[in-house]
Structure formats: C-alpha cells, structure tokens
Amino acid sequence: MKVRFTKMQGLGNDFVVIDAVRQPVEPSPEQIRHIADRRYGVGCDQVLLATPARRSQADFGYLIFNPDGSQAEHCGNGVRCLARFLDDRGLVPAGRHELVIETINGLSRVRLCDDGPVTVDMGAPVLEPPHIPFRAPSRAREYELEVEGQVVRLGAVSMGNPHAVLRVDDVDSAPVETLGPAIESHSRFPRRVNVGFMQVLTPTHIRLRVYERGAGETLACGTGACAAVVSGRLRGWLEEAVDVDLPGGRLVIHWAGDGEHVWMTGPAETVFEGEIRLD
C-alpha cells in the first residue's frame, strides 16, 4: 500500500505528517519505525497522523508516534505543523483561523496566520510539586537541589511533562551534557525530568538549551520554552511576552500569570511531499 505524506519541520524538529482524514491508514508500530528511519524510510523525529475528531468540540484529532513505534501524548512543535498541514491541504474551511485539535490528553486550541506562524494554547502550567511530579515539602518559586556535589537552584514546572529550569550566565558554556543527565535522573524527580538552561538577556528575551529526558539535547523544545518563561516570570525576571531563542530558532511565549494558559507562537514549514510504500 502506498501512502502519501508531507515532511514538515518546526525549529528543526521534523515530522512526517499523514492524512488519515481522507485516506484510510492505520500504520502499525513496525510501519511507524520504517517511516521514521532516516536510512531506510523518510526519517523524522515523530510521525503525526491527522484523524477525524471523536469529540464534538474538536475539528480534528491527531496521533503522535515516536521513532520506536510508541505513542506520545502531545508535542508543541508537532501540533503547529499539523495545523499548518490541515490548512495547506484544504481541510480547514476558508476564513477559519482558529481550530480545536483533539489529542489523547484533551483539546488544544490553535490559531493560524496566513502563510505564517502558528499559535498554540499549551494549557495552564502545573506548579504543585506532587503533580509535576517533584519531591518537595511545598510549592515554591525556586528550589535547591544537591547534584554532583553542588547545590543548584531551579524552578520546577509541568507543561504536561516535567521540567526543571536553571538560570545560567551563558548558555553556550552551560554544562548541559553533564548537569543535564544528572538532574534528569535525580531521585527527587520520580518520572525523570527535562532540564532547561536559561540565559536572561532582557525581561522580554531569553536564550535556552534543553536536555530532554531520554533524548539528550535537542534543537527545540516547545514545552521547555513554555516552562522556562513560566519559571522566569515566577522568579521575577521576565515579563508577559518573551522571545525564546533555541538552537533551532525562535519561539514567542505569552503567559499572563497564575491560573492563565500559556500561548506559544512559532514556525511550521513544509519541506517536501511524497509517497512511501507500507507493506
């Protein structure tokens, strides 16, 4: 069976997007692994399957698959690419600029600009330690963590996945490859943690590198950018709208404060289209 696909990327985070709204396709884990293989398949960080919505409140659904064939919950860069894909393929009614996309965890609101960036409602940050999860006696803006013989100060935030955020003087010389994995697997983070290294340039501009749990440093991490801005706001360093420069490019994050949702704006671009045989 031949399946049409679109290769897309957001800040260097690349995806193979498949239309399962208009073509019947349910790839198996083995087929997902083949699609994602950079030597023998198309190659990507994740495979996205656009599907009909199951809930009446949603316009479309989508499924996310990792290169090993397992299913993921949500991806900020991925949902931006999915929304751009749906619009480019003519699946979004003319004049519509806001969509509700169903994930396995809930609903995600997306705003489209004509041939430009995509804005995603990333939900409200979770700050209570048991729900991050993070072992601490009570919620605080900043925590101390003993790691590798030193005490580091960090913020702890969940954006649907856990994040630790450290402030550094210079992200270029930050110990991402050593301190990242040490914090990632620290016993106070029972489900491990993504680790962000944030350099504050101004109250509206930061640089960020993220060591992702189970993956190492990546070019871009949408939830990591959201967590960094939330933590920076709580610690009094940042304003409501912040430009976040990652190795793969720039995201713009808006967070008005406690109880409010985080909004992320960034690029979503088509690289090429093609067909792949799935046997």
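Glycine is treated like the rest: Cβ placed from N, Cα and C.
Database features (Swiss-Prot):
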- N13, Q46, N66, G76, N77, N161, N194, E212, R213, G222, T223: substrate binding site (BINDING)
- C75: active site, proton donor (ACT_SITE)
- C221: active site, proton acceptor (ACT_SITE)
- F272: site 'Important for dimerization' (SITE)
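Where Swiss-Prot records a feature, it is marked here on the structure.
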{"residue": "N13", "record": "substrate binding site", "Cβ neighbours (10 Å)": "25"}
{"residue": "N66", "record": "substrate binding site", "Cβ neighbours (10 Å)": "18"}
{"residue": "C75", "record": "active site, proton donor", "Cβ neighbours (10 Å)": "26"}
{"residue": "N77", "record": "substrate binding site", "Cβ neighbours (10 Å)": "32"}
{"residue": "N194", "record": "substrate binding site", "Cβ neighbours (10 Å)": "27"}
{"residue": "R213", "record": "substrate binding site", "Cβ neighbours (10 Å)": "19"}
{"residue": "C221", "record": "active site, proton acceptor", "Cβ neighbours (10 Å)": "31"}
{"residue": "T223", "record": "substrate binding site", "Cβ neighbours (10 Å)": "27"}
{"residue": "F272", "record": "site 'Important for dimerization'", "Cβ neighbours (10 Å)": "9"}
Rounded inter-Cα distance in Å - N66 (substrate binding site), the residue listed as 'active site, proton acceptor': 15
Shortest C-alpha distance to N194 (substrate binding site) - which of the recorded positions C75, C221, F272: C221
Residue from N13, C75, R213, C221, T223 whose C-alpha is spatially nearest that of F272 (site 'Important for dimerization'), among the recorded positions: N13
For T223 (substrate binding site): DSSP state (helix, strand, coil): helix
The residue listed as 'active site, proton donor' versus T223 (substrate binding site) - Cα distance in angstrom: 8
N194 (substrate binding site) - helix vs strand vs coil (DSSP): strand
Alpha-carbon spacing, C75 (active site, proton donor) to C221 (active site, proton acceptor), which is rounded to whole Å: 9
Distance from the residue listed as 'active site, proton acceptor' back to N13 (substrate binding site), taken between C-alpha atoms, in Å: 8
Largest inter-residue Cα distance among N13, Q46, N66, G76, N77, N161, N194, E212, R213, G222, T223 [record-listed substrate binders, Å]: 18
